[in-house]
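Following this message is one structure expressed as structure tokens.
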Amino acid sequence: MGFLLSAEQVGQFVSNQWQDPYAVLGPQQIEEAGKSFGLVRALVPNARQVWLVERATGQAYPMQPLHPETLFELRFEPGTPLPDYFLRAQRVWDPQGEHLEEWEDPYRFPLEKVNHIGELDRYLFNEGNHHRIYDKLGAHLITVDGVKGVHFAVWAPNARNVSVIGDFNHWDGRQHQMKRLGESGIWAVFIPGIGPGAIYKYEVKTSWGDIYEKSDPYGFQQEVRPKTGSIVADLNTYTWHDQAWLEKRAATDPLRSPISVYEVHLGSWMHASAEDPPAEGQSVLVDQKPNTRFLTYRELADKLIPYVKELGFTHIELLPVAEHPFDGSWGYQVIGYYAVTSRYGSPQDFMYFVDRAHQAGIGVIVDWVPGHFPKDGHGLAFFDGTHLYEYADPRKGEHKGWGTLVFNYGRNEVRNYLVANALFWFEKYHIDGIRVDAVASMLYLDYDRKEWIPNPYGGREHLEAIDFFRQLNTLIFKYNPGALSIAEESTAWPMVTWPTHVGGLGFNLKWNMGWMHDMLDYFHMDPWFRQFHPHLVTFSLMYAFSENYMLAFSHDEVVHGKSHMLGKMPGDHWHKFASLRALYGYMFTHPGKKTLFMSMEFGQWNEWNVWADLDWELLQYEPHAKLRHYVASLNHLLRSEPALYTQDTKPEGFRWIDCSDHRGIVSFIRYGEDPSEWVVVVCNFTPVVWPNYRIGVPERGFYRELLNSDAVEFWGSGVGNLGGKWTDDWAYHNLPYSLELCLPQLSTLVLKWQPPQPVESQN
């Protein structure tokens, strides 16, 4: 039952001090002096006149102002039913009434009737267990009584008032005020008549009267920077063609599969001229590079995916593609966690990219950043006038070194926001895995901090973040069998890839940062001195099976003055390429999955520059073209030899032949699950050819040379073993037989035993 407004109540309402606009606006039934009558109120800022228009007859009834140019009311006689109607208004800037506006009254659709967010939804969200909260909060296209519109919902528990603003209401927060849904902290409103493409924000009025304009934390699309508005988007219009891929993924154990990842920053892989606009979508210019634009998701699908497939990589890993305001952050300072960046196109365009990758047999991994977020005013920071998403105490809630804020993992709704976000990318965009950035920064309360707050037991372990990771990974694998959850964890935190039920964090892969640093230190040395540091090559095998490791040379290793991979290698031009080939050879035969950052496959000299594309012109030169061919050959070898991947995480998959040769040579055997699947690997990390080098082997017969990094086809010197070697009946290295090999300088050799074939009788 409605009520008549006093002058004081009118003033409060037009200044956005009510939390239930449905109690005031729209159709109301009034009881007064024993009589019942209906009325309709409308809040229309900057209106000269407002009319209620009866839909059936077109009759327009002028509404009376309760507040000048803002709040209007029309009363009906007792017993007169309220008609089906819409509103019409003449604005103050249209004195002649030449551009009258018409719209459906949002407040004639009670939220109880809309029923988009139920009590169970609110309960699960406040508990931190609504795994599909993205289907409820944010902007969603719905139809009520045959009227199409958008249901908006946002969590802002400490706000005095929240409104939706956009072009559809001239960015005036008085017109579309939201209703607070009980004690959940959620505000909601259904706005009829708007649809996909509508730009909007939330106007949040704090408890002390300040007003913030915020992008939608659950918005599916945002404007291209520097604009900051959210965009209504329908994620259900794309028709997928990857069902066979998803079914195969669900039936596949990734730890027993070949995984070789090509890490890509979409904005700097390849550019196009601004004078050559894309066939579809808008042209977004690259900052600091005149007359240059980004490729769109659809253009990248046509160029990047065939390139990756040709090179033989199994997956593409994308540096963050969630919306971020600053290109120079590489995507790691996210504002729109549910919005794929508009720099390269629409959500449907990104779906097309992933779909095309799956059809080509390539998985898609995205970098995900739950560890921190930027302080930009339109983002999550101080969202409702309080520290809503972040910890309030800066000793826990701020990364001084990065200038960012830390999520409050102990708050149910914040944890729900993040966990559901990871699930969202799998469900809506069909991604195959996430790589969680900066895990160590989340696990330690004293990470990069001079002042910090210990946990309740006095330790530095971040117990709330630990619980967050366990919940995250449990749900990822529950809903997405065969998926990847990869941790970038740079310390020796135990059990990162162990199951949660035995006390682990639940990831299924972890970057091996120790191996990466050891190998770069080793290969940076003059080759003559490597013999004095064999531990840098062998130490990783002391712990290689304590976790499920991925060996990665990532974007972080080719920036900030570290030089690119070739620049890290000593010696002249030829020796740099030879050392890099030997390193890649060791990487692809060492236990663990593989990741290479873009441009490493052809040996770029310049460091990675986010404002420029790769130095593709280098491929016209033989050394670079042949290095790329070598990487493709390594990928082919990896995928064709089960010994190199089926037991990556098991000690049974590896055996040293000799790890103590002071000449900078190591040799070992990789075993597959099938006892007949095994290969021999010999690495010579010094610039000396060893023509009569003997190693022990377990079987008699012929050993075919599968790979020689010094082959002429890879721009090597051509020294080798003429395709293979026969064994000698000479025990060596505690093995019953041996091979006498010619070891090229700075090389990796891979050999495979050929079982003896029975000789057919001539009779």
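Using the three backbone atoms N, Cα and C, a Cβ is placed for every residue, glycine included.
Not my notes, these are from Swiss-Prot:
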| type | residues | note |
| --- | --- | --- |
| ACT_SITE | ASP437 | active site, nucleophile |
| ACT_SITE | GLU488 | active site, proton donor |
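Looking at the shown structure, what environment does each listed feature sit in?
Secondary structure at ASP437 (active site, nucleophile), taken from DSSP and collapsed to helix, strand or coil, is coil.
Secondary structure at GLU488 (active site, proton donor), taken from DSSP and collapsed to helix, strand or coil, is coil. When Cβ atoms from all protein chains are considered, those within 10 Å of GLU488 (active site, proton donor) total 20, not counting its own.
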Distance between GLU488 (active site, proton donor) and ASP437 (active site, nucleophile) at the Cα atoms, whole Å?
6
List the same-chain residues at least 6 positions away in sequence whose Cβ sits under 8 Å from the Cβ of ASP437 (active site, nucleophile), in sequence order, or say none.
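Spatial neighbours, sequence-distant, of ASP437 (active site, nucleophile): PRO320, TYR332, ASP367, TRP368, VAL369, GLY371, GLU488.
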